[in-house]
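Right, one structure below, let's go through it.
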Amino acid sequence: MERNLKNVLVISFGFLLLFTAYGGLQSLQSSLNSEEGLGVASLSVLYAALILSSMFLPPILIKKLGCKWTIAISMCCYIAFSLGNFYASWYTLIPTSVILGLGGAPLWSAKCTYLTIAGTSYAEKAGKNAKDIINQYFGVFFLVFQSSGIWGNLISSLIFSQSSTKVEISEEDLECCGAYNCLTDTTNTTGSAKPSNSLIYTLLGVYTASGVLAVLLVIIFLDQIKSDQAETEKEKLEAPSFWSTFLATFRHLKDKRQCLLIPLTMYSGFEQGFLSGDYTKVYVTCALGIQYVGYVMICFAAVNSLCSLLFGKISQFTGRKLLFALATVTNTACIIALLLWKPHPKQLAVFFVFPALWGLSDAVWQTQTNGLYGILFEKHKEAAFANYRLWESLGFVIAFGYSTKLQAYIKLYILLSVLVLSMVTYGAVEYLEAKSSPGTPTTTKKENGGPHSQETRM
């Protein structure tokens with residue numbers, strides 16, 4: 001096997017193992033650590049730390065340690081979060097969430113840098129177009145990585161379904177499920193009852209082992225980038241100082257189009273935060289039990305991956321406006337239905353319909369918003385994508401931050417309001433583009449190497 005391709009596969013399967021653990025844990029936080037909102041508070045802190053990390057850590061670590069060791073050390077930050085869940089408290093989860101957040105941005109930046117250098121190196125040897133090889137490498141990576149959402153959630157559901165105590169949920173308790181959920185912890189005695197400690201420890205043991213395997217895979221099998229290959233990339237990393245990058249991010253807000261895209265970018269964080277923090281808890285766990293959370297999130301991950309691939313291909317024929325309209329209509333219909341629906345175990349199929357439709361919409365928000373940034377701000381991509389990471393992460397922070405303070409119906413109204421605002425401001429962006437370049441087609445290309453997945457699936 002060609003050495004560069006071997007390295008791509010090592011990174012891909014390393015990320016698969018790592019995010020199999022993290023993805024499953026993120027889906028369970030609101031249900032597994034529901035006392036005083038500890039789980040969602042930890043996720044809110046995590047994304048706040050990620051914002052800070054994105055601003056200054058990646059260039060520093062990659063320059064000092066190189067890509068291989070930045071990836072390995074950053075992966076250890078994720079393992080720390082798994083370990084913090086063994087004894088979940090404010091003194092363990094919050095610090096480990098900060099550690100994970102700080103490690104997140106360097107991990108993804110080092111991955112992107114490594115794949116770019118590997119692709120460029122192979123293209124030079126083979127006499128091929130570097131861009132084509134880099135896109136192929138990113139394609140291989142995401143093909144392997146995207147399935148992590150399926151495996152992580154499958155593991156949690158299979159382990160929790162081994163529980164010997166099957167709790168019957170009374171009609172009275174079901175009244176506390178859904179949009180008008182009870183904010184008290186009384187519902188924890190029924191569907192959201194925690195599995196036994198032995199099952200929780202088994203799951204956390206599997207997740208921790210998966211993370212450790214990821215680190216060992218990278219340390220043992222990933223080649224260090226040769227110094228002459230890395231030199232050019234180091235020069236790129238050295239060029240902008242922290243303050244120049246920091247200022248460039250906010251200077252980019254002088255662009256009216258960037259300001260108009262803030263609601264749309266934040267909505268991406270809001271809608272993903274609602275699904276993983278609220279839908280899993282007040283609909284699924286409350287009415288069916290925590291063992292169903294994984295199965296439901298598998299449905300979301302599978303549809304999301306398939307639709308991401310599909311929309312990336314067909315966007316050149318449909319244009320981005322039609323896809324944004326599809327996502328808006330689908331998400332709006334889901335929000336209205338969730339406001340009206342009273343979840344009941346007898347309606348099992350409905351619990352899977354919502355995440356499937358949500359996955360379809362999310363695929364549009366990710367591929368098309370990412371591509372839109374790449375097209376609109378082609379000359380200032382670094383500052384543009386820094387803004388993308390900043391505002392999407394802020395959406396996560398806010399969504400997880402108010403998760404335990406408000407009833408679900410209020411959060412759904414907030415979600416709907418932000419969606420409407422997003423479409424109004426997005427429409428203004430399209431209007432400005434059409435006005436400035438009449439007759440230019442505005443089809444969207446998928447950014448294969450875009451930085452989207454690090455925050456959305458973090």
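Glycine too: its Cβ is placed from the backbone N, Cα and C atoms.
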Annotated range (TrEMBL: transmembrane segment) out of 253-271, 386-404
386-404
Apart from its near flanks, which chain residues at least 6 from the ends of the transmembrane segment (289-311) lie with a Cβ under 8 angstroms of it?
23-24, 27-28, 31-32, 146-147, 149-150, 152-158, 160-161, 163, 167, 169, 191-195, 275-276, 279-280, 323, 351-352, 355-356, 358-360, 362-364, 366-368, 446
Is the number of Cβ-Cβ pairs under 8 Å between the transmembrane segment (347-365) and the transmembrane segment (386-404) three or more, considering only pairs separated by 6 or more positions?
no
At an 8 Å Cβ cut-off, counting only pairs 6 or more apart in sequence, do the transmembrane segment (410-429) and the transmembrane segment (69-88) clear the bar of 3 or more pairs?
no
Residues outside the transmembrane segment (39-57) whose C-beta sits under 8 Å from one of its C-beta atoms, at least 6 past its ends, are 26, 28-33, 81, 88, 93-94, 96-106, 242, 245-246, 249, 269, 273, 276-277, 386, 389-390, 393-394, 396-397, 400-401, 403-404, 455, 458
